[in-house]
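To start, I am sharing the structure in question, which I have written as structure tokens.
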Amino acid sequence: MLVQVRMVIKGRVQGVCYRNWTVENAEQLGIKGWVRNRRDGSVEALFSGPSEAVNEMQKRCRRGPPAAMVTGLEAFPSTEEPGKSFEYRSTV
């Protein structure tokens, strides 16, 4: 089953290659969507793909790359168009 989830990841997640890490992991899992920094210091992402892959991505996002320190993760169902691949988006 295909699912689509928007996530907001909080903590020390900017300046630690979190977005690069997210793109690599999403591509590895065959997930479409995007990732971007937010001005409040969090990272926001949209993940779209098979439920197993999106669930695995959510688990990975809780850990993040080695230099990150995730203190919170919020996940919401989404109906936004994910695009054809996984990409970076501009900061909002």
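Numbers here mean position along the shown chain, with the first residue as 1.
Backbone N, Cα and C define each Cβ position, glycine as well.
Note that the coordinates shown come from a computational prediction; the quantities given were computed from them, not determined experimentally.
Dumping what TrEMBL says about this protein:
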- ARG19: active site (ACT_SITE)
- ASN37: active site (ACT_SITE)
- 4-90: domain 'Acylphosphatase-like' (DOMAIN)
So for ARG19 (active site), how many other CB atoms are inside 10 Å of its CB?
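If we count other Cβ atoms within 10 Å of ARG19 (active site), we arrive at 19.
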Does anything in the same chain, at least 6 positions from ASN37 (active site), have a Cβ under 8 Å from its Cβ, and if so what?
GLN14, ARG19, VAL43, GLU44, THR91
Can you break down the domain 'Acylphosphatase-like' (4-90) into helix, strand and coil residue counts using DSSP?
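So the domain 'Acylphosphatase-like' (4-90) is made up of 25 helix, 35 strand, 27 coil.
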